[in-house]
Amino acid sequence: MADGIPSFWGPVTSADWCEKNYVYSSYIAEFFNTISNIPSILLALIGLINALRQRFEKRFSVLNISNMILAIGSMVYHSTLQHMQQQGDETPMVWEMLLYFYILYSPDWHYRSTMPTFLFIYGAAFAVCHALFRFGIGFKVHYAILCLLCIPRMYKYYIYTNDVSAKRLAKLYVGTISLGSICWLFDRILCSQISQWYFNPQGHALWHVFMGFNSYFANTFLMFCRAQQLGWNPKVVHFMSFFPYVKVQKPKTK
């Protein structure tokens, strides 16, 4: 949405969201859509610290770093509203889903080298195609398909997990992605009506916040499930009786 202070970055060349541009600064196009990525960075940093401190497999460190990169890319995109920066937001979204696909399916994949090779080539090919062609609805459909492909495996992990606290993480994952999707759709579809309101609820910014927590709950649940597979006796514990994380007790080696 136009209006506000003159732009430092020039005319908008990317998708524009339902927030007035350059209201608070000539350097930040969409203020709330930009700063709403900060929780995602902090939550991913917490997940990364826990993965490193308890020596989880490198895949979980890479996943949390990917979450941070995605949030930073989103901040750059929403602060500039330029096409190149939009691609810098959308391409890591696909890469992140490929990482989730690997973490979910690789434990039972018999040909271990084929999956990472295929996913790497797929991710690289998508990045090149996305740089050459401006995907619109095609990108959204593609991303939705990748998300849907992960659901059956997440559900399998859920039904094979008896721990109540771990199941609660999975429910929080479903709850946050559902609320975030509602906010995204509300902001996108009803923008013309929202623009007439005195107060903009900032649905896209809320999407960022909910998805930051969604990624954290998903990562924590997957860490629990992987620790179970490895016989690490995982437990979901809570910092200050509120914030959940996984604590493991690895068997002593002789």
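Heads up, the Cβ atoms here are built off N, Cα and C, so glycines get one too.
Taken verbatim from TrEMBL:
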BINDING   D16, W17, E19, N21, E30  Ca(2+) binding site
TRANSMEM  31-49  transmembrane segment
TRANSMEM  61-81  transmembrane segment
BINDING   H78, H204, H208  Zn(2+) binding site
TRANSMEM  118-137  transmembrane segment
TRANSMEM  172-199  transmembrane segment
TRANSMEM  205-225  transmembrane segment
Six or more residues out from either end of the transmembrane segment (172-199), which same-chain residues have a Cβ under 8 Å from its Cβ atoms?
1, 17-18, 154, 206-207, 209-211, 213-214, 217-218, 221
H208 (Zn(2+) binding site), Cβ-centred 10 Å count of other Cβ atoms over all protein chains shown, is 25
The most crowded of the binding-site residues H78, H204, judged by neighbouring Cβ atoms within 10 Å of its own Cβ, is H78
Around N21 (Ca(2+) binding site), how many other CB atoms lie within 10 A of its CB?
20
Rounded to an integer, what is the Cα-Cα distance in Å between E19 (Ca(2+) binding site) and H204 (Zn(2+) binding site)?
9
Students should find that the Cα atoms of H204 (Zn(2+) binding site) and N21 (Ca(2+) binding site) sit apart, in Å rounded to an integer, by 14
In Å, rounded, how far does the Cα of H208 (Zn(2+) binding site) sit from the Cα of W17 (Ca(2+) binding site)?
13
If we count other C-beta atoms within 10 Å, could you say which of the binding-site residues D16, E19, E30 has the fewest?
D16
Quick one: which residues besides H78, H204, H208 have a Cβ within 8 Å of the Zn(2+) site's Cβ centroid, in sequence order?
W17, E19, E30, F32, N33, T34, S36, N37, S74, A205, W207
